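Participant: Pulled the feature table from TrEMBL, pasting it below:
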COMPBIAS  B:130-142  compositional bias 'Low complexity'
DOMAIN    B:8-72  domain 'Transcription factor CBF/NF-Y/archaeal histone'
REGION    B:99-142  region 'Disordered'
Amino acid sequence: MRQAGTYSGILSGGISGKTGPHLLPLARIKKIMKKSGEDVKMISGESPIVFSKACELFIKELTQRSWMVTMQGKRRTLNKEDVASAVMATDLFDFLVNLVSESGEATTPLEMDTSNYS
Amino acid sequence: MVDEEERLLQIANVGRIMKQILPARAKVSKEAKQTMQECATEFISFVTGEASDKCRKENRKTVNGDDICWALGALGFDDYADAIVRYLHKYRELERDKATLNKASCSRTSRDKDEEEEHSSEEKSDHQPHQQTQAPTPSART
């Protein structure tokens, strides 16, 4: 049985007391890390926690930039093309260029569909 | 609600973070969330790859928080690196405090101690298997 006290807010849920709860499940982060390469063998306990924060920052930045594109188009729904545009416009997100051009193609959707029927 | 594949971060969590930064009236298409899911997952792989390269070159087996901070800086995510260094510092302080408290509780009844350690190790992180992670004594690692 936990004892309530000075530290209970800080200790429960990791560092939720001061820095906010983790927004991303740590087990999944760890899985993704392990899959990233053959070399990744052991991961310290703090690594998924660090990534939880880093991903939060990343998602927020990309979302903000995408939203700016949405607003430029005078729309209120952020769509995947807005995300693709934000990626293209940001050098830092160069590593995502292939990813968004695969999924966020602006060309004829029909081309994509026919490949499924071949 | 099942995730598309277990290789990606959960869409609900990603969506929640997106909402945090957007104005209340903003809407996000499902496809945009999916794209963001993939981008965030790729981000983890990308940074982990860099961090793990460094560990390999230095003949270390375990990727730790410092390696991730370094990798963020090396890949151009300087702002994130600064924020994460502070975050990590705070986390380690709290872990040290927790370890101290656990030690103190050893002098209490063993039953109380077992419950608390079990509880605190569960609460330390949502799902953190202890298979490969090391014991929570950050001071011992460096």
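A Cβ is built for glycine as well, from the same backbone N, Cα and C atoms used for every other residue.
A quick note: this is a predicted structure, and the numbers were derived from the prediction, not measured.
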Participant: Could you give the mean pLDDT over the domain 'Transcription factor CBF/NF-Y/archaeal histone' (B:8-72), rounded to a whole number?
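Facilitator: Looking only at the domain 'Transcription factor CBF/NF-Y/archaeal histone' (B:8-72), pLDDT averages out to 96.
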Participant: Summarise the domain 'Transcription factor CBF/NF-Y/archaeal histone' (B:8-72) as counts of helix, strand and coil residues per DSSP.
Facilitator: 47 helix, 4 strand, 14 coil
